[in-house]
Each structure stands twice: as structure tokens, then as C-alpha cells.
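These notes are about the structure you will find just below.
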Ligand SMILES: C[C@H](N)C(=O)N[C@@H](Cc1c[nH]cn1)C(=O)O
Ligand SMILES: [Zn+2]
Ligand SMILES: [Zn+2]
């Protein structure tokens, strides 16, 4: 395998400018799934991926998912499914990624145009979606192309599933995966997802767990329209005042969730689990570097990792309808919608969390004695996932990391959520591996999101090398 991999690596290096151009084209398509008026761009991005895949000789289909629930005027973006190779003597790996991105505006504080990939002198490639998840998705296409140009046999059959709604709760995808598990995906021997991040900037990892996410809207309304605060201030119950009060009852400044019963749903810590945290290559400086400040809640790595991986967290995200522009508008907003989410962990069930959240919000609002109305709803939800890393899929990935990066990877869990991971595992009955490309400083979801050129290029080598080791692993520990 070594000589083959050497020529594959050389080809990846030779094609690196071309691969960066491919990423530039992808980043230039503002495929923001959460913004209704960007939906045509999300669909355009799906078509771009499909045409790149076709040009590489893959069999590609765009599968429609119908209308978006609760927004029937919007078509859901298509799922791009593709097959590359159908040799019965080879293993088949199913890879998943997403081609939609989080919203981004230059005015949010970006140093560069978010949809214009900008490479600085340190090789940092800034752009929305660079690390989450366009770089990793293109990584699979680039691996195919480098094999072709190096004249090396592709080691496995590759099934691909790329969706366009991940950042909005993967609307419609669960049903699609369940439906296709025994059809389009039937040959899959294992699943690989590249859509999370290293813990630091130097040490690669393989990931076997994710938190889930319950995302809520909290709507408070009263007046028939926005009001002049000089004319009506002090005479009417104000929705923003109520909303701030209710939202402040959800979580304490030290991160403690204040909703009765939530913390009791969490699985107790075992001694075995406790012993895992000390060996992970992660320092408080790694945290401060990725935070961009020293405002961490805990002063030690163990508690920090536990807080990220195995305990729930509640974050307040924003308020729709509130005045947020620069200046000093003296308005009383008539309707405001607070957004918050809870990252859920073993053994928290989505429905149990909902019941506690709704009861808490009702009680907190009732205590205000306001004449406004309050409505709390679940916007979307995804379950947590924890799997066993003792499987040939992880063994192959571990060998590939050692080959490409020269170190054994850490085995990590992830604080973020990729809800379809569990769906793939349950629907196909196959092992799922998370194999990240980007690092902790990539600022996914934030301003100035980036992917380091080194992580992109070595990441392409890693994805290809993983497939070679997959082809060599004996079938065991299913
Ligand atoms: C880890 C992955 N790259 C990611 O960013 N997932 C999102 C998915 C999401 C969106 N709403 C709820 N979950 C995340 O963890 O926020
Ligand atoms: Zn994301
Ligand atoms: Zn992602």
C-alpha cells in the first residue's frame, strides 16, 4: 500500500491549488439553509456538487424531499446521493456531509467577505462553510480525483449522501435515510462523517460521541403593533421586558441549567469514564485559543471536557423582532421571539426535556403577572449519540491518522450535534465513525470561520488513506 499512498499524496500536493479553487467556488455559493430567501442558493450548491461529482464519473442523483414543514412555500433542498464504484469484491463506505451553511454577514464582524474565500499568508482560508462542512465534503471528491490522476485503483466503493438542511435540523432527512437504508445505502459496510473538529490545533482525533440538541422558540406578544416608548412606556406590559425576565430564569452565569428536573435526567459518571479525561491531549490554553479569550467557566481540562461532552448546556442565542441595529431607536417591540437551545446528553430523552422546559417557562411567565401572551415551542430536535470505537472502521481510521499525521489520534466526543449520525447507525445497522478535518480554532458558526490549508490538504490525504486501510481491515467486531 505504501508506494500507492506515496503517489496519492504527491498527487494531492500537486493538485492543492485546484482543490483550493474548488473550495473557493463552493464558498462563493451562499447556501444558508436558515434564510428563506437564500433557498435558491442552497439548491444551486446541491447542483454544483452534483455536477462536480458527475465530472468525476460518479453516478449521481438529486433526490427531492418535498416542501419544508411549516413553510410550505419553500422546497427543501435536494439530497445529493452518489455512488463511485460498484466492485463486489470491495468494501463499501457510506459518507455523509452537508452543503448548507450557517448565516453570515460582513457586518457581523467578519474581517473579510464571508462568501469570498480569502487565504492569508499563514495559509488560513477564511470563508463561511470552509470548515463546516464544505471543505470536508469536497475532501471526498478531491480524494477521488487525486486517485484518478495518480492512476491508482480506488480502494473501496463509495456511497455519498450530502444534504442541504443540516444547519436547520436536517429537515426531512431521517425519513429519507430510513427509506433508503435497505435500498440506495444497502451495500454500506460502515459509515464515515467528516463534520466536526479536533480538540486543539495539532492533534487529530476520532470521534465516537455527540450531544443532541433541542432548539426552542419563546414568543411573547401583546400590543397590536410596535409602540413609541415615550407615549406608551409605563402604560403597557412590554414583551421584551417579559422575555428578558423569563430567559434569565433558564440558566445561571456559571452555566448551571435552572430548569427543575433537567440535571436529574443525566446519566451518572462511572469510574471508567472518569479515567478517560486525563489522557486526552487538551489544555486550558487550547480552550483559550479557540475561545479567543480566557473566559472559560472551569480552570481545569477535565471539568471543561466533561462540560462539553457529557453534561447538558443551555445557550441563549438571540431575539427575533428586537431592535438590534446601531443607533438609539425608542421603540417598544410588539412581538419578540427568544431563541435558546439545550445540548442533550445520555440519558436525556427529547420529550422529557420538552415537558420540563414548557412547565418551567409557563411557571416563570405566570410569576410575572403580565397581560401579554407567551408561547414556547420546540423548533427542532436531534438525539445524542455515543458509540463504541472498538470496530474495524475506527481501527482503519486510527492507522490512517498515524500514517498521515505521524501520531495516534485521541478518541473524543463532540459537544456539537449531527443528529443524523444516530439515524445512520440505527437505519443501516452499521458502525459510524466521525473523522474530523478542521481544528479547534476554525470558528465554525462564528465570524471569520476558516479552514487551515494544512488541514484541508492533509485532510484529503487522510480521507483517501482511511479508505485504503478500510480495504485492508479484516471484517470483525461488527
Ligand atoms: C457539528 C456540526 N458541524 C454542526 O455544526 N452541527 C450543528 C447542527 C445543529 C443545528 N441546530 C441544531 N443542531 C450544531 O451542532 O449546532
Ligand atoms: Zn454547523
Ligand atoms: Zn456541520
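Just so you know, glycine gets a Cβ as well, placed from its N, Cα and C.
Annotation source TrEMBL lists Mn(2+) 2 binding site at 98, 132, 195. Within 10 Å of the Cβ of residue 98 (Mn(2+) 2 binding site) there are 29 other Cβ atoms, across all protein chains.
Look at TrEMBL and you will find 100 tagged as active site. Cβ neighbours of residue 100 (active site) (same chain, under 8 Å, six or more residues apart in sequence): 31, 32, 33, 42, 45, 77, 163, 164, 165, 166, 167, 168.
Take the CB of residue 167 (Mn(2+) 1 binding site) and look out to 10 A: across all protein chains shown you find 20 other CB atoms. Under the heading Mn(2+) 1 binding site, TrEMBL lists 132, 167, 445.
Per TrEMBL, active site, proton acceptor is recorded for 166. Residue environment of residue 166 (active site, proton acceptor) contains 26 other Cβ atoms, counted within 10 Å of its Cβ in all protein chains.
Positions annotated as substrate binding site by TrEMBL: 195, 228, 330, 343, 417, 445. The 10 Å shell around the Cβ of residue 445 (Mn(2+) 1 binding site) contains 15 further Cβ atoms across the protein chains shown. Mapped onto three states, the DSSP output places residue 445 (Mn(2+) 1 binding site) in coil.
TrEMBL lists 217-365 with the feature domain 'Peptidase M20 dimerisation'. The average per-residue pLDDT of the prediction over the domain 'Peptidase M20 dimerisation' (217-365) is 97, rounded to a whole number.
If you look up TrEMBL, you'll see 228 marked as site 'Important for catalytic activity'. Remark: residue 228 (substrate binding site) has 330, 331, 332 as non-local neighbours, by Cβ distance under 8 Å and separation of at least 6 in sequence.
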Non-site residues, in chain order, whose CB comes within 8 A of the mean position of the CB atoms of 132, 167, 445 at Mn(2+) 1: 101, 102, 129, 133, 166, 444, 449
In sequence order, those recorded positions of 100, 132, 167, 195, 343, 445 whose CB lies under 6 Å from ligand 3: 132, 195
Annotated binding-site residues 98, 132, 228, 330, 343, 417, filtered by Cβ under 6 Å to ligand 1: 132, 417
By Cα-Cα distance, the member of binding-site residues 343, 417, 445 nearest residue 195 (Mn(2+) 2 binding site): 417
Those binding-site residues listed as 330, 417, and which of them has the most Cβ atoms within 10 Å of its own Cβ: 417
Listed binding-site residues among 132, 343, 417 whose Cα sits within 10 Å of residue 445 (Mn(2+) 1 binding site): 132
Residue 98 (Mn(2+) 2 binding site) and residue 417 (substrate binding site), Cα-Cα, nearest whole angstrom: 13
